[in-house]
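Colleague: Submitted below is the structure of interest, expressed as structure tokens.
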């Protein structure tokens, strides 16, 4: 591998942004793009009331509801670093998509609302990060609103998320008294003027906390800041890069994404601290990013990114080697060679064809129904990357088609939307229904809305009478045949034609599991 190739890998930073809904994640994403020069004007994100919408919220239903329901992938440069930012769904109903995205990143940025502290979705996502030892940087947001004290927030993060906190910036006041941020790394005090839409550089900067001008500007807050900084320098956990990289320590920054407070300090520290692409596990061995042969895996599929063309894009994380336009790769699950002629990079729905890409980069491949989540592509070696999950749904609805003549379009729409993995479709063995299964109920509204706008299918849904699903398998063909015969009315095939048991309640599921000890009831499956 030549020096330039190695340099390209080392300057890449691929990360996901995670948070509870409404913590300000999409706004922070916008501001990172703004400071990175990828956009010149940030969309004012005001949920349902906004007349404009965030760059990363591109699907019609996202604009309508003011939430992110799909993962956007955005690339930009900052201080000679190549950044791949994955803005994940914040709404809890879309957690499965977020879990998968976390398999494609090298680190994560966790956003916490200063008033609400650690919330349930944050705890769930933290669990996923912990399973993968993902390094996490924390941004405590909305300091321009009244909230908890910084020390209380740090204590709550340590208690609830079981991770050591190291503050690298410190706020001056909060709410109406919020004046700016002290950079504990650079030993600089930044006083900011609010600026929602453009990169504001008009704030004052102080290198010396003993400067008398501070007392005139801040009054009692200047004294408090000096006391806080003295306490932090003596008592706070020192930053230890190894602890951070192992996921045991989180550097913490404070600010207000909406008003650009603390965003530049966060980005400056992030590119220096966050890890470049690292080795990835496969079934047979670990793959280093510095290997010469190309390899990568698909962690997401998105239908209709361009509704005019009804296209489907497979999002592929490059793990080793280098992509070059027109290269031939092996699609291992399908057992065939394919040519990748028009790979794209993204800024939300905007796409650009590229000539080359490196480990850490996320590229889009046109998918005509043959690529699935979890698929591995390599130049030669038959590898299979591991750890991309699919979860049993917890909510179920029966599809009602209002125009029976549209059944073909319904079938096509459901097939393509289920490829994305956010909703699952089950076809009962004993009926001709389509049963939708999802991790959260909002997904049903999204599916019906997308069927209407993207496929011209007017459909609705009704309760399906199921409370749990489990994929079933057995080492004995005879046992499986007997199980199928006795439980045919409760069995269905999923989108991958895998046999699934649908239970009306948890009690019934437990009873059947106890009755059939030689059947495995799987709550999660690895994609491919």
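Each residue, glycine too, has its Cβ placed from N, Cα and C.
Look at Swiss-Prot and you will find 19-26, 87-91, 141-144 tagged as GTP binding site, backed by sequence analysis. If you look up Swiss-Prot, you'll see 10-278 marked as domain 'tr-type G'.
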Colleague: So what pLDDT does the domain 'tr-type G' (10-278) average out to?
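Modeller: The answer is 83, the mean pLDDT of the model over that range.
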Colleague: Around the Cβ of residue 88 (GTP binding site), how many other Cβ atoms lie within 10 Å? Please give the count over every shown protein chain.
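Modeller: For residue 88 (GTP binding site), the count of other Cβ atoms within 10 Å is 26.
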Colleague: At a 10 Å cut-off from the C-beta of residue 143 (GTP binding site), count the other C-beta atoms across all protein chains.
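Modeller: A 10 Å sphere around the Cβ of residue 143 (GTP binding site) contains 26 other Cβ atoms.
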